[in-house]
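Per TrEMBL, the features are:
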type	residues	note
DOMAIN	8-320	domain 'FAD/NAD(P)-binding'
DISULFID	Cys44-Cys49	disulfide bond
BINDING	Lys53	FAD binding site
BINDING	Gly179, Gly180, Gly181, Ala182, Ile183, Gly184, Leu185, Glu186, Glu202, Gly266, Asp305	NAD(+) binding site
DOMAIN	341-449	domain 'Pyridine nucleotide-disulphide oxidoreductase dimerisation'
Amino acid sequence: MGEAEQVDIVVIGLGVGGEEAAGRLAGAGLSVIGVEHTLVGGECPYWGCIPTKMMIRAGNALAEARRVPGIAGASQVQPDWAPVARRIREEATDTWDDKVAVDRFTGKGGRFVRGRAAITGPGRVRVGEQEFLARRGIVVATGTAAVIPAIDGLAGTPFWTNREAVEAQTLPATMLVLGGGAIGLELSQAMARFGVDITIIEGGDRVLAMEEPESSETVAAALAEDGITTRTGVRAQRVDHSGDLFSLTLSDGSTVAGERLLVATGRAARLDGLGLDTVGLDPSARFLTTDEWMRAGDKIWAVGDVTGNGAFTHMAMYEADVAVRDILGQGGPPAAYHARPRVTFTDPEIGAVGLTEKQAREAGIDVRVGYSSLPSSSRGFIHGPGNAGFIKLIADRSRGLLVGATSAGPSGGEVLGALSVAVTTAVPIAALQGTIWAYPTFHRAIGDAMRQL
Ligand SMILES: Cc1cc2nc3c(=O)[nH]c(=O)nc-3n(C[C@H](O)[C@H](O)[C@H](O)COP(=O)(O)OP(=O)(O)OC[C@H]3O[C@@H](n4cnc5c(N)ncnc54)[C@H](O)[C@@H]3O)c2cc1C
Ligand SMILES: NC(=O)c1ccc[n+]([C@@H]2O[C@H](COP(=O)([O-])OP(=O)(O)OC[C@H]3O[C@@H](n4cnc5c(N)ncnc54)[C@H](O)[C@@H]3O)[C@@H](O)[C@H]2O)c1
């Protein structure tokens, strides 16, 4: 190996967070090496947010068409996965080709290196035979990968993760889904609407367990309406695969079978083989923890899923912005996590920001809860079929502020916008109560819940 080439910054992993950081730093005139071993853009555009939301858009169109009887006449729908698979190939992923994204980065002045990067010492990064010495430092943005649980018989079977599910050109007749979190629920509902007979196996006692119990109940009811069977409180103990069939033996002794098995049991930071020990960081840690400027160590920043602060594209972009401002010495606010927004794109959508009621109580906050049901609001009543949802507000009574909120319903993720601003910027509840909420909108239900605070 020759002498290390000196540059300003090396960014490891060009997913959402790394691409944003590398592009901005290159655009600011620094010499930036961006390293990516798979596709520039990462999980979100190729196997995550964008293609899965295309599936959901298609599934929701079918569901809306099926709601025509009773409110607008008769309807008949004939689901066909081919247009979905085609859109994913032609519009979302360029059939998993990142040329456009690579050009976007190099167009900003960055230098792209395809390969697997490892840190070899302070400021030093190796990619194959090349070694770089980053004067200003290293940004780690290596994201997360699907966790595959150690279930007897699972390894070696042709199970799916989100990647194979997104790449599917045809759908199975039956599918088993391990895990009732965001990935399991979104993919299950979209595919069920195309006629796939789905059984979700969730080890915990409710689906979408990180959100409010009311959110779990609302989603569980919606899944049941789509014909999905949800088994909670049971775990898979054994997987058998023969012919075209997966068979799972569950912890209660029962068995379930399906043509496909989707594993959606969570995600883990990609830290393996990264050489963290060469810079004094713990290679066995679950995530790369940082300070409020995204600094994980001396001249090392970490952004996105790998930090464990919330595996969402908007969090990766947010953290990339904080790190870039720190590296460029531009100042501005450091990272704050009191108002993390998230939306699970089931129908109804479950939007949430900040703390849940349980989290707020555990934090010792003087909690007051406001709740309103969407079907009993004017807009929910008008909407009719598909109007399930609610607004739940978590207030800190002593400070007179909202510390969390959930907005579930049609466009629940959009309604969340107002609540996100309120929690982020600490709008006094008195001011929120004086707000005029347009009639008859879904977001007017916020006003109804607000009156209980
Ligand atoms: C099915 C699914 C649906 C999702 N839907 C949403 C959604 O609707 N909204 C939302 O906000 N979020 C969603 N997410 C989450 C979102 O995709 C992630 O939060 C986001 O991609 C994180 O960006 P990142 O840059 O941290 O990581 P990633 O996108 O994972 O990118 C990390 C990159 O680093 C590369 N890499 C890793 N190690 C190395 C190495 N040693 N050398 C070189 N390259 C390396 C990887 O190949 C990868 O491209 C979804 C995720 C999944 C799986
Ligand atoms: N709309 C969005 O923004 C969106 C969509 C998809 C994914 N994501 C991101 O990706 C992350 C990962 O999603 P995910 O759904 O894989 O993980 P998750 O952590 O949200 O849910 C995993 C679920 O699997 C269950 N589980 C774990 N092991 C199990 C086992 N052996 N048997 C049965 N159940 C088991 C857990 O109890 C949990 O409920 C999300 O937390 C989110 O940050 C976001």
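Placement of Cβ uses the backbone N, Cα and C atoms for every residue, glycine included.
Automated prediction, rather than curation, is the source of TrEMBL annotations.
The structure, with features from TrEMBL marked on it.
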{"residue": "Cys44", "record": "disulfide bond", "Cβ contacts under 8 Å, 6 or more apart": "Gly15, Val16, Ile50, Thr313"}
{"residue": "Cys49", "record": "disulfide bond", "Cβ contacts under 8 Å, 6 or more apart": "Thr313"}
{"residue": "Lys53", "record": "FAD binding site", "Cβ contacts under 8 Å, 6 or more apart": "Phe345"}
{"residue": "Gly179", "record": "NAD(+) binding site", "Cβ contacts under 8 Å, 6 or more apart": "Ile200, Ile201, Glu202, Gly203, Val263, Ala264, Thr265, Gly266"}
{"residue": "Gly181", "record": "NAD(+) binding site", "Cβ contacts under 8 Å, 6 or more apart": "Val207, Leu208, Ala209, Met210, Ala264, Thr265, Gly266"}
{"residue": "Ile183", "record": "NAD(+) binding site", "Cβ contacts under 8 Å, 6 or more apart": "Thr52, Asn162, Ala264"}
{"residue": "Leu185", "record": "NAD(+) binding site", "Cβ contacts under 8 Å, 6 or more apart": "Ile200, Val207, Leu208, Val219, Leu223, Thr344, Thr346"}
{"residue": "Asp305", "record": "NAD(+) binding site", "Cβ contacts under 8 Å, 6 or more apart": "Gly15, Gly17, Glu43, Gly143, Thr144, Arg267, Ala269, Ala311, Met315, Ala316"}
Protein Cβ atoms within 10 Å of Glu202 (NAD(+) binding site), excluding its own:
26
What recorded positions among Cys44, Cys49, Gly179, Ile183 have a C-beta sitting less than 6 Å from any atom of ligand 1?
Cys44, Cys49, Ile183
Does any of Cys44, Lys53, Gly181, Leu185, Glu202, Asp305 have a Cβ within less than 6 Å of an atom of ligand 2? These are the recorded positions; tell me which, or none.
Gly181, Glu202
Provide the three-state secondary structure of Cys49 (disulfide bond) computed with DSSP.
helix
Largest inter-residue Cα distance among Gly179, Gly180, Gly181, Ala182, Ile183, Gly184, Leu185, Glu186, Glu202, Gly266, Asp305 [record-listed NAD(+) binders, Å]:
23
Can you give the mean pLDDT for the domain 'FAD/NAD(P)-binding' (8-320), rounded to a whole number?
98
Using DSSP and three states only, what is Ile183 (NAD(+) binding site)?
helix
